[in-house]
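Data block below; observations after.
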C-alpha cells in the first residue's frame, strides 16, 4: 500500500529529536568549558569542592540524558510514530526539557539553588510516568512502553522530590545563618549517586530487553 503523506513525514521526525539531543550536548559542553576554561587556561582544581561538584553533576546529568536518548531510540524502533503528531510533540517537549536540566546541573556549586535542579529532575520523571499512564486513563489498550517503566519513573520522581525537599530545608533555607558545608556536599553527592544508579540500571534493563527480544523463540513440545 502506498504510504500516506503523514506517514512519510512521521518517519523523518526522529531525526529532529536527535538534533535536540545533539544541541543540548553541544551547549552543555560549551558551558562546561566556559566554567573551567580547559582550552585556554584551565581553572579546575580538584581540591576545591565546588569544582568537583560541578564536574560530577555535569557528567552524571550527561549520563542521564544519554540514557533518555537511548530509551527513545529503542522505543522508536519498536513503536514508530504513526497516525498523529502526538507522540512527536511529547518527545519534543521532554527532550527540550533536558536542555535546562543540563544547564541546572551547574547549580551543584550554589548552596541556595541546587534543589531547583533536583526538583526539575523529579518533574521530568513525573511527566514521563503520566505519559505511560495516559493510555490506561483514556482506556486505550495501545501502549508505547512497559508498566515497569512507569513504575520506575514514579519511584525515582518521589525520591528526587524527597531529596530536593531535604536539601531545601536542611541547606538552602539555613545557608545564610548556619551553613553546613559537609551536609551540603553529602546531599549533592547522594543525589548524584542516585542519578547514576538509576541511569546505569536503566541502560542494563534496556540492553537486557533488546537481547531478549532478539533471541530466537524456543519451540515447546
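Cβ atoms here come from the backbone N, Cα and C positions, even for glycine.
Per TrEMBL, the features are:
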TRANSMEM  12-32  transmembrane segment
TRANSMEM  52-76  transmembrane segment
TRANSMEM  114-138  transmembrane segment
TRANSMEM  150-170  transmembrane segment
TRANSMEM  182-200  transmembrane segment
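A Cβ distance under 8 Å defines the sequence-distant neighbours of the transmembrane segment (150-170), meaning residues of its chain 6+ beyond its ends; these are 114-115, 118-119, 121-123, 125-126, 128-129, 132-133, 180, 183-184, 187-188, 190-191, 194, 198, 202. Long-range neighbours of the transmembrane segment (52-76) within the same chain, counting only residues 6 or more positions beyond its ends whose Cβ lies under 8 Å from a Cβ of the stretch, are 14, 17-18, 21, 24-25, 28, 32, 35-36, 44, 46, 91, 94-95, 98, 101-102, 105-109, 117, 121, 144-145, 185, 188-189, 192, 195-196, 198-200, 202-203, 206, 209-210.
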